[in-house]
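For reference, the structure discussed in these notes is given below.
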Amino acid sequence: MSTGTGSLTALQDCGVLQQKVPLAEFTTWRVGGPAQWLAEPTSTEQIPELLQWARERRLPVHMIGAGSNLLIADGGLPGLTLCLRRLQGSALNADTGRVRAAAGEPLPTLARRAAKAGLQGLEWAVGIPGTVGGAAVMNAGAQGGCTAEQLISVDVIRFSDAQPSLATLSRDELAFSYRHSALQSNRHLVVAAEFQLEPGHDPAELQRLTSGNLNHRTSTQPYKLPSCGSVFRNPEPEKAGRLIESLGLKGRAIGGAQVSELHANFIVNTGDASANDIRALISLVQGEVMEAKGIALHPEVKRLGFETPD
């Protein structure tokens with residue numbers, strides 16, 4: 001597959017491919033510098049063409065969804081940034097409980113649709129500010145539930161091959177563990193996922209449970225300020241938020257980044273935070289917890305564009 005100037009021009013003309021786009025608006029923390037190239041494909045068919053175009057130019061490729069659990073450097077990202085938030089849509093079978101969703105489908109939207117159809121299993125997901133694709137990659141979870149419990153398979157585009165190719169991976173191939181999957185370390189781009197939910201439940205009851213879960217999250221977590229969601233994985237059996245709070249770190253700030261006064265496992269952007277502010281505050285919290293408790297906190301956050309890894 002060779003991508004000539006004609007197809008490139010067509011992608012630019014329809015707004016799929018753009019240059020020097022600020023990425024702050026693409027992350028829930030509202031920080032991050034510009035993408036050298038940003039692509040927002042509207043169909044799965046456009047993705048192999050974009051990947052091949054980047055490969056022919058030896059450009060690095062970065063993948064983002066809704067931008068939660070993501071910290072992009074102030075200097076931005078070189079190469080091609082693929083954002084899949086426009087790849088939306090889902091199909092639910094109320095009789096069998098089978099659900100198929102595009103990678104960019106917002107997880108709360110899917111959770112509400114499932115509840116309305118009487119399909120049990122995604123009530124926990126209603127307050128997670130991410131996409132189906134991101135949930136599969138991170139094994140997102142909340143309130144005792146997680147993606148791995150309902151996911152059957154994912155459709156991926158392999159871009160490590162000579163030519164980008166489509167494949168389907170089963171749950172067993174994804175090696176799920178707490179907030180982790182094999183998708184975090186391979187060259188696969190999730191474009192769709194399939195779930196098995198439990199059919200035949202009362203939609204009104206499921207919607208009540210879903211609303212209750214959302215109300216609990218919005219009352220205990222800082223939804224009024226930009227954040228990425230939970231910053232650190234829980235070092236079981238401990239809870240990261242409780243450890244941080246026990247050290248009096250709620251309200252601690254560096255620049256415009258602050259440990260939330262409402263929930264200590266959240267770092268919020270109070271208005272003028274930079275990615276460097278947030279990164280420094282993450283390191284500060286890790287250091288304080290290690291010194292006082294001897295416990296290493298590991299971020300859930302994916303960091304892109306930084307010169308040195310944490």
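Here the Cβ of each residue, glycine as well, is placed from N, Cα and C on the backbone.
Swiss-Prot annotations:
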type	residues	note
ACT_SITE	Arg179	active site
ACT_SITE	Ser230	active site, proton donor
ACT_SITE	Glu300	active site
DOMAIN	30-200	domain 'FAD-binding PCMH-type'
>> For the domain 'FAD-binding PCMH-type' (30-200), what's the mean pLDDT in this predicted model?
In response: 94
> Out of Arg179, Ser230, which has the highest number of nearby Cβ atoms, where nearby means within 10 Å of its Cβ, if these are the active-site residues?
Replying inline: Ser230
> In sequence order, which residues at least six apart in the same chain have a CB under 8 Å from the CB of Glu300 (active site)?
Replying inline: Asn69, Met138, Arg179, Gly229, Ser230, Val231, Phe232, Arg233
